[in-house]
Amino acid sequence: MKIILSIVLLFFFSINVHSDDEKRLTHKERITVLESKVKKQEVQIKTLIESIQKLANIVEQQKSNSSLKFELKIIPVGVVTAFAGEADTLPSNWMLCDGSWLDCKEFDKLYEVLGKAHGYQAIAKKEFFALPDYQGYFLRGVSHNSKVDPDADRRKEAKKGGNKGNKVGSIQGDQPGPHLHTINDLGHEHGVNDPGHEHLHGPLEEWRKDIGNGSKITRFTGRNNYTSRTKTSISIVKSKSNISIRSNKTKETRPTNAYVNWIIKVK
């Protein structure tokens, strides 16, 4: 700002200064001198405008550099955050966490941070690393030694060459926790109640029975000396209960949720 003020003051000072020779000129000569001065002043004004514009550009560049340095200090490369805007409206130096492959040399600072955690491959003597692919995922902190994730050691790599197990970048599918499906039968009966019944028979044969009383043979008397066989058949047949527990028609276990775009600082 001091430089701009000095240029402006110098310009206006040059307009108001008149030499002694100019005071002795005729009216016509003065007009000619003034026309010459006007042309010079036009050039000076143009130069002044250009100088001011250059200074403004320098100031803007310094502001931009300061802002960039501030941003780098506050938000380091590799930070992931939720973005509520559309994927095509991302701020500069941010990319969507969509699993894209990046050149290790072009994004060397980011590669220093991510390494091969989310995927790595070498093609035609070039090395590429993968951005994390968080599309459709809930994020979960690495279990480390906490034992919070009982299946930490069985986690899979997100992409070829990426981390497995209890490491950043690994993934695991959905799975419901332990639970029970119980059926409570308070008790039931299969009862048979026969209050008594009769069987009608036809002609009967006489029946004699030897009684162990020495050499004597005793014959039953009365109606009881006749008997016959009868058969009662009572059965409880098998029954079937049609109780089943079926799965519901939903495709995943999930909490109430809202969509965001996961984005990562790349530069």
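Here the Cβ of each residue, glycine as well, is placed from N, Cα and C on the backbone.
The compositional bias 'Basic and acidic residues' feature in TrEMBL is assigned to 147-160, 186-202. Feature annotation from TrEMBL assigns domain 'Phage tail collar' to 78-138. Marked as region 'Disordered' by TrEMBL: 147-202.
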DSSP helix, strand and coil counts for the compositional bias 'Basic and acidic residues' (147-160)? 3 helix, 1 strand, 10 coil
Going by DSSP assignments with H, G and I as helix and E and B as strand, what are the residue counts for the domain 'Phage tail collar' (78-138)? 10 helix, 21 strand, 30 coil
